[in-house]
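Pulled from TrEMBL, these are the features on record:
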DOMAIN    9-221  domain 'Heparan-alpha-glucosaminide N-acetyltransferase catalytic'
TRANSMEM  57-78  transmembrane segment
TRANSMEM  90-112  transmembrane segment
TRANSMEM  118-137  transmembrane segment
TRANSMEM  142-159  transmembrane segment
TRANSMEM  196-213  transmembrane segment
TRANSMEM  225-243  transmembrane segment
TRANSMEM  270-291  transmembrane segment
TRANSMEM  312-334  transmembrane segment
TRANSMEM  346-366  transmembrane segment
Amino acid sequence: MTLKDNIQRLQSIDALRGLVILIMLLDHVRETFYLHKQVPDPMDVSVTEPALFGSRVLAHLCAPIFVFLTGISAFLFYSKTQSVQQTRAFLLKRGLFLIVLELTLVNFAWTATFPPDVIYLQVIWVIGISMVVLAACISLPLPVIILSAFAIIFGHNLLDSIHFTDGSFIQTLWLILHERGWIEIAGVKLRTSYPVLPWIGVILLGYALGHLFSQKYTTQQRNNYLFGIGLISIGLFVLLRFVNAYGDQPWLHFDSFKLTLMSFFNLTKYPPSLLFILWNVGVGLILLVAFDRWQQQRWFKPLVVFGSVPMFFYLLHLYVLKLVYVIAVSIWGVNQGDYLSVNHVWMLWLITIAMSFALYPVVQWFSRFKHQNKQITILKYF
């Protein structure tokens, strides 16, 4: 594999990350300016408008692809250093850094309270925890990593019926691992929005498939494998979902084809079901191959820019959204109970597009600053 191939493979990863970052922005705009129509998990398709349902299903791509690409990036770091020790240290430091960010700056961006009385353990937390676990696993043989990933992804739904006594220590561990719930520590409530066990399977799978990015494979071979695995993943999703026996809550037949189709794609994210992972990782793999072939498109470079500084954008957009909301409320007040909300989903898309253009120059500047100052260690974490 040539130097050009190495650069292109990294750009395709950054571009895919950039795409899901913008989709994430849409979802967070929804959580800011459309709270009068909150959606449960999984959604109630009988009362959820199709446009809102579609936007939410699109946003389901974000977390699986973020975690999966984190696994691939971890292998790329190892392939560059050829050192298990350095890779483990990097994963541990970055993972712990993300956990601290979730508990501090990220949580404050959502709650605007300090010291916090509620802490939401969300996607940054789960990426951090997954990186710490991956750090402990990278010295394992590749077949063991693959089998562990498959066992977690395909088997964790067997644990759905397991529950423990409220307030017990084992229940606390279980809420962190596999059941969404509330934990109270020293008067602070923690919401385990992202139980970590299934996500560990996703990052292990990403690390395992990262081997396809090594110099042993040509670009064509890598893309063929990734495309094939993506198709198999989507095919398994369709088969298992059609059978309606395992991997998520059953879908329902309605008199309306639209509602039936919505029910078919109404998947559980918290924690991510087997079918949720199969569908979203499968789509992510297809997109990764497509981006490798679309690098000459004019829109490709802006996606690379967004994806090159994901943590910077994550923090930036949360605080900008909070600021915009506060200013908007001060001007127009609330119009939907306690919230200021827009009336239509298309308005969420309009706000997202406007924010994307507004934030791009700042993100572009920071991306350049990061790449021109590689000696500043802390920048690697953003």
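Here, residue 1 is simply the first one shown, and the rest follow in order.
Placement of Cβ uses the backbone N, Cα and C atoms for every residue, glycine included.
Automatic prediction, not curation, is the source of TrEMBL annotations.
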How about the transmembrane segment (90-112) with the transmembrane segment (225-243) - do they touch, taking at least 3 C-beta pairs under 8 Å (6 or more apart in sequence) as contact? no
Is it true that the transmembrane segment (196-213) and the transmembrane segment (57-78) have 3 or more Cβ pairs under 8 Å, skipping pairs fewer than 6 apart in sequence? yes
The answer for the transmembrane segment (270-291), taking Cβ pairs under 8 Å and residues 6+ beyond its ends, is 12-13, 15-16, 19, 41, 60-61, 63-65, 68-69, 153-154, 156-157, 178-180, 193-195, 197-199, 201-202, 205, 223, 226-227, 229-234, 236-237, 240-241, 246-249, 300, 303
Could you tell me the mean pLDDT the prediction assigns to the domain 'Heparan-alpha-glucosaminide N-acetyltransferase catalytic' (9-221)? 95
